[in-house]
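Peer 1: The structure is given below, and queries will be raised subsequently.
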Amino acid sequence: MAASQLYTKFARVWIPDPEEVWKSAELLKDYKPGDKVLLLHLEEGKDLEYRLDPKTKELPHLRNPDILVGENDLTALSYLHEPAVLHNLRVRFIDSKLIYTYCGIVLVAINPYEQLPIYGEDIINAYSGQNMGDMDPHIFAVAEEAYKQMARDERNQSIIVSGESGAGKTVSAKYAMRYFATVSGSASEANVEEKVLASNPIMESIGNAKTTRNDNSSRFGKYIEIGFDKRYRIIGANMRTYLLEKSRVVFQAEEERNYHIFYQLCASAKLPEFKILRLGNANHFHYTKQGGSPVIEGIDDAKEMAHTRQACTLLGISENYQMGIFRILAGILHLGNVGFTSRDSDSCAIPPKHEPLSIFCDLMGVNYEEMCHWLCHRKLATATETYIKPISKLQATNARDALAKHIYAKLFNWIVDHVNQALHSAVKQHSFIGVLDIYGFETFEINSFEQFCINYANEKLQQQFNLHVFKLEQEEYMKEQIPWTLIDFYDNQPCINLIESKLGILDLLDEECKMPKGTDDTWAQKLYNTHLNKCALFEKPRLSNKAFIIQHFADKVEYQCEGFLEKNKDTVFEEQIKVLKSSKFKMLPELFQDDEKAISPTSATSSGRTPLTRIPAKPTKGRPGQTAKEHKKTVGHQFRNSLHLLMETLNATTPHYVRCIKPNDFKFPFTFDEKRAVQQLRACGVLETIRISAAGFPSRWTYQEFFSRYRVLMKQKDVLSDRKQTCKNVLENLIPDKDKYQFGKTKIFFRAGQVAYLEKLRADKLRAACIRIQKTIRGWLQRKKYLRMRKAAITVQRYVRGYQARCYAKFLRRTKAATIIQKYWRMYVVHRKYKSKRAATIVLQSYLRGYLARNRYRKILRDHKAVIIQKWVRGWLARIHYKRSLHAVIYLQCCLRRMLAKRELKKLKIEARSVERYKKLHIGMENKIMQLQRKVDEQNKDYKCLMEKLTNLEGVYNSETEKLRSDLVRLQLSEEEAKIATGRVLSLQEEVAKLRKDLEQTRSEKKSIEERADRYKQETEQVVSTLKEENTLLKQEKEALNLLIVEQAKEMTETMEKKLVEETKQLELDLNDERLRYQNLLNEFSRLEERYDDLKEEMTVMLNVPKPGHKRTDSTHSSNESEYTFSTEIGETEDIPLRTEEPSEKKVPLDMSLFLKLQKRVTELEQEKQVMQDELDRKEEQVLRSKAKEEERPQIRGAELEYESLKRQELESENKKLKNELNELRKALSEKSAPEVTAPGAPAYRVLMEQLTSVSEELDVRKEEVLILRSQLVSQKEAIQPKNTMTDATVLLEDVQKMKDKGEIAQAYIGLKETNRLLESQLQSQKRSYENEAEALRGEIQSLKEENNRQQQLLAQNLQLPPEARIEASLQHEITRLTNENLDLMEQLEKQDKTVRKLKKQLKVFAKKIGELEVGQMENISPGQIIDEPIRPVNIPRKEKDFQGMLEYKKEDEQKLVKNLILELKPRGVAVNLIPGLPAYILFMCVRHADYLNDDQKVRSLLTSTINSIKKVLKKRGDDFETVSFWLSNTCRFLHCLKQYSGEEGFMKHNTSRQNEHCLTNFDLAEYRQVLSDLAIQIYQQLVRVLENILQPMIVSGMLEHETIQGVSGVKPTGLRKRTSSIADEGTYTLDSILRQLSSFHSVMCQHGMDPELIKQVAKQMFYIVGAITLNNLLLRKDMCSWSKGMQIRYNVSQLEEWLRDKNLMNSGAKETLEPLIQAAQLLQVKKKTDDDAEAICSMCNALTTAQIVKVLNLYTPVNEFEERVSVSFIRTIQMRLRDRKDSPQLLMDAKHIFPVTFPFNPSSLALETIQIPASLGLGFISRV
């Protein structure tokens, strides 16, 4: 199709504009050939007549379709021209915030002047190993391409970074080096990559400065070669520098600064070590204050100084050398302050004792007088003599500045030399990648020698660039077998010849420098004479004779000749250099040692890289010849040589180009100045690349891409099975002109504009289809709308008519109701009047009747009270008379009885005296005495009875008297009350009179009150009515408030529930984080252990030559941190076959925890032994004291023994109970309801509370036991006392009565005393024994109290801790306590086991003896007897052997067992043919037998060998999924077996009785369980890495690139980068490939018998990897962010969910890991226009971070014209709404993240005794037991 046919109505074009460079316009009518004017409509709304050039008749550039705008590669544009390139860059930079764009082989980088989060390690990992066209443009993609081509093609690479000052060259080069340092690592432990990066701050401090265009402008060029070894790891680096801007040391323009290092020194002047430099503020020095801008905003020079010093230290520059550098730099600053005074016009002098010069000399260590002299004089040498000549003030100032520049240049070279020495490697360099950071094309208002050299270097680089681009285009055409036609491109060789050829500009400049009286003017005249009118590229300005113009490839540049000769000579006085060389400061002469050897201005290295300056002074005496000749080389000549050397290096490498663009001159972030951008695009060669591409076939499609994109233009009959032929047929029909396209082997090549034409046809076809669809849909919608309106009208009519009828009925009802209301109201008024009158009458009657009744009542009351008073007074008088009579009678009786008693007493005394005498006379009258004694007793008894009667009578009398007294007091009180009552009666009468008067007054007042009451009633009725109204309002408000309160209560409950859920989620996250931290530490430990093993292996095979070559499939395998998957024992190597035995020391790490535990237990046992020894000594003392009485207490001893046994049994039961509680607590914590662990009512919470209650109950029981023991002691004492004492009075009296005489009484008394002593001694001994027992009980009580206090303190501490820590602390406490108790019980069990083993051995011996006796008896039978016996066929039944589920093997067969069962076992055969987990069962049965034998060495050796062998297998075949899965399953099964048969009740709940009999009896293998758990974690992590490596190549292709729903997403043009991928196509993966692989993983794990919970965790991890990698690639690929791709992703995710349903894994949490990807796909499909859409997006995308949401919106790209781009304002709205969201600023998900794994206990129902060992395992040497 002809190009002119595209200029139709509504076609959009670009027209030139002086302000915006290019403006977009739209044609208002079709263009016809011959038209001179185009009618255009501008975007701002104006119409324009655009006149075509009558000579060229060139039409304006056509604009690309909108769907092609914003492409990653500029070569993907259909129309390739300057406005299209500029517009594409502006859209990407402003709208999408994308700073990188491809332009063929060039990466265009626009400086954003803002820190962007696109350079982190996650981004590096995302780009590592990827094809260059698969990801969005990035400096990392260029670096990865260079790294891969170096490894694949075995060819050195170069990255050429160029651009203006401030365009970001240095930053781009820095990021490229950071990428190499990250993905490659270093070959040694010397951290070479850190040193390479550390060179940046040093070079920036001494070579960068602030300019008006850039705050950190590089004022020199540098080429850094990063060296790699054969394994492509960094081993070192080397740096070359070019054309340092020395003039900046002595002069800075306005708003500019000197080099950073000077300001860093001034900012750090207050440091103690810098006081000798005598520095101050930067404004105090001439060399740092000229620009007037000593501070850069946001930069702390003191901190930068610290970074510079740190980098110097890292690169091996010692502190002394650093201080030497700072002394020289400080000396330069002080030299700049040296002033001169003029003596006359030809001479000058320095003031005496000039302080700046004195400081300079002190710092430099030179003589003050000599330096002062040679700063004001110079030496002139002629052929015959030498003389000294003074110089003028201006010449002295220039000489001072030249000296300062020379010193700085020498110091710069010296630092570069030392940096190269630090980066140099002793290992041979295999290849390198060079990073060239060099200045771009420059043109200013005044251009001098520096701009000339820079532009000369850019001419050379542009020539190399053009040739490389041309070469790539030619290779592409030849590869696709396209007819090759020579493309005419601009060759700048004439310009280069003008500069560097014979009699070129540089030659003439050097020749003029050699002239004694050569000047800039004479050199300019020579240039005019030589080149003017002879070379088309050389011109002379019209108004100047001291300038010349060169037509460079980018633009014309006018150079001012002034200063060219001086800068080319770079003159420094030789005498001043000699003074510096004679310095006492050792470092200063080192700077000038290479003056005679230098041949290049680029470097100070010994490898021939040239220094930057040269002293064209006269050589020293006696050194003529070649040295003097080399000494005269000019700067231009040196720069030309160094540039040739650089070009040779670049031509020997594969170049990669990065062009940095400065978007504006004001450093505004994301501001695009079209004029400046176009200027730089022309200068950097981007437009030349576009022009070369446009000259041929710039648009290139694969046949499949073309078919997918333009399938809509084909009919069904056009579609053939051969895609290539289909595309050919369609193109022949669509584009008749065959010159517009060519068919290659794999691609179709289009001329410029043809893709736009095809897009137009496609859009027209789609538009016609859309119109038809819209027509049908709109008709259907209108019909539906009409039906809905008709139905609504009928409904409205029905409701209106009903409303009118209801209104009429309401009117009738109201009329009737009004009549009824009137009737009832009138009746109510009359009735109310009647009721008021009746009520008044009743009130009057009631008051009158009440008054009369009260008077009558008062009279009756007074009469009644008077009668009562009379009654009480008369009774009182009668009682007084009675009491007096009674008292007199009693007194008379007493007197009479007393007289009679005295008489009787006298008689008795007389009789007593006669009896005594009779007794003395008659001693033997015992019977009479006894009778008398009995009489006395009887009298005593009678006396006692009488005394009791007397006391009773006295009590009765006292009670009667008290009663009478109380009656008397009461009567007195009643008398007083009667008196008071009479007085009160009188007062009452007076009051009655007053009341009568008051009654009359009240009657008169009553009338007035009634009147007031009526008025008040009316008022109150009104108030009541108002109050009722207010009450109704208040009730309504109350109801509203109640509703509000209910709603608030609901909200509060909801918020509380939300908080509770959030807290539980947070607790779960914390638990997972802690678990993840532990597993990461375990992974790190295994990695370090593996690293140690690898280092030992490397030491053993150090002399072996490594295999050449390198196969690199993915750069992720070359990361800084080598991820080792296996953990082997320390010191173990795999490559040494002679090693059969491992030293015992190597086994220590595995048993160290057990060893420390046992050692701790030994110390505890020693302490317990000492305590028991003390207790034994104390018991022995007690035994010695009570040995005599031991026989009398056999029952007590038996009781004590019984008590001790009961106590031990109780402790054992208590221990078991606590074990059960601990297991319940563990189980509760491991349940799925773990997030609610700390909530009240949760299982763990309930278990904890039950433990607390049980502890308190236990303490109560202890207290009760103590009380019972105390009561038993008391009862025993009371029982002993009546047996051993004789204190009863009746017994003593009977014994005394039995005594006949005094002797018997005395003997009885003596015997009683002895008996008392004996009983007392027995009582004392028993008391001591009971005291000891009581003391022991008190000690036990005290210990229980301490235990109780300790428990309470622990409980208090636990309650203060957070919930999760509280549970962990309680668990730890319980574990330690149970461990100690278990060890005690184990000791007791060991003693019992020893006894049992002794008895078993004896039994075996006896059985053996019995067997020998039976054999002997059989041998005694003669053979004849046996033969003669008849032989009868007898069926002997075989008795089935009862196996115990154990396997026996010999100690020497252990290695054989491990080898056959682990090392040489093939997982595939075991998984298919045998039961799952068979190796684990076999190993456990072997462990059981070793436990049965109580052989701890055998157990330890077997477990250690097993663990190490599994590690060996995984190290050897660790990349095989089946192997890793098999051993993960078996390790978990082995761990479960150790738990199931450990004997702990928590693990025995699901066991059968037979399985409980198989529990381990002798050893507690809890420590080995922990080791196996750690090993299982390591195997799981290795399994995850293996499946990640398998899935990673499939994910992007299957989830993003492959079209699962055919025809939904159209393929857009991809540009050059997609075609020139550095990795060959390995075949595409589909979603089915991923699903098949997932199913393969699942089936393998199921075959191996992996736990279902573990399979769920693996599935969750797999889906996380799929989701994370897919989302990360989506965020880094602009071509994938479209509506149709969102639909593809959602369909793919639905297929993954269907797979989960098929495998019953929906509750594994795998679906939740895909939530970020699902939300990203939804974000691509939702509407993105209004604020409501923004709100919906913010609420929907809660799993995505703000950075990810904004990135997806920025990357959203329409595939069809019907889609719209996301506006910038909408993105800003999203950012404003999400600004308060607190989420991670990280853009990409961590695809390497591994979820923490848990191994829930899964007991086996398989009986061990039923397991059969197949012969295929080769385990015939073991036997079943």
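Just so you know, glycine gets a Cβ as well, placed from its N, Cα and C.
Grabbed the feature section from TrEMBL, which reads as follows:
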- GLY163, GLU164, SER165, GLY166, ALA167, GLY168, LYS169, THR170: ATP binding site (BINDING)
- 915-1105: coiled coil (COILED)
- 1155-1231: coiled coil (COILED)
- 1320-1409: coiled coil (COILED)
- 69-763: domain 'Myosin motor' (DOMAIN)
- 598-634: region 'Disordered' (REGION)
- 643-665: region 'Actin-binding' (REGION)
- 1106-1127: region 'Disordered' (REGION)
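Give me the lay of the land around each of these features.
Peer 2: Long-range C-beta contacts of ALA167 (ATP binding site), restricted to its own chain and to partners at least six residues apart, with a cutoff below 8 Å, comprise ALA109, ASN111, ASN214, GLY440, CYS660, ILE661, LYS662, GLN680.
Sequence-remote contacts of a segment are chain residues at least 6 beyond its ends whose Cβ falls under 8 Å from one of its Cβ atoms, and for the region 'Actin-binding' (643-665) they are 89, 93, 103, 105-113, 139, 142, 145-146, 149, 153, 155-169, 172, 176, 212-213, 223, 240, 242, 434, 436, 440, 456-457, 460-461, 464-465, 468, 600, 602, 609, 671-673, 676-677, 680-681, 684-686.
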Peer 1: Restricting to the chain of THR170 (ATP binding site) and a gap of 6 or more, list residues whose Cβ falls under 8 Å of its Cβ, or answer none.
Peer 2: GLU204, ASN208, ASN216, SER218, ASP437
Peer 1: Counting every protein chain present, what is the number of Cβ atoms, excluding its own, within 10 Å of the Cβ of LYS169 (ATP binding site)?
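Peer 2: Other Cβ atoms within 10 Å of LYS169 (ATP binding site): 27.
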Peer 1: Name the residue among the binding-site residues GLY163, GLY166, GLY168 whose Cβ has the smallest number of other Cβ atoms within 10 Å.
Peer 2: GLY166
Peer 1: What are the helix, strand and coil residue counts for the region 'Actin-binding' (643-665) according to DSSP?
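Peer 2: Its residues divide into 9 helix, 8 strand, 6 coil.
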Peer 1: Output, ordered by sequence, the same-chain residues six or more apart from GLU164 (ATP binding site) with a CB under 8 Å from its CB, or 'none'.
Peer 2: ARG213, TYR439, GLY440, PHE441, GLU442, CYS660, LYS662, GLN680, ALA683
Peer 1: In sequence order, what residues of the same chain, 6+ apart, have a Cβ less than 8 Å from the Cβ of SER165 (ATP binding site)?
Peer 2: THR211, ARG213, ASN214, SER217, SER218, TYR439, GLU442, LYS662
Peer 1: So what's the mean pLDDT when you look at the domain 'Myosin motor' (69-763)?
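Peer 2: Computed over the domain 'Myosin motor' (69-763), the mean pLDDT is 83 on the 0 to 100 scale.
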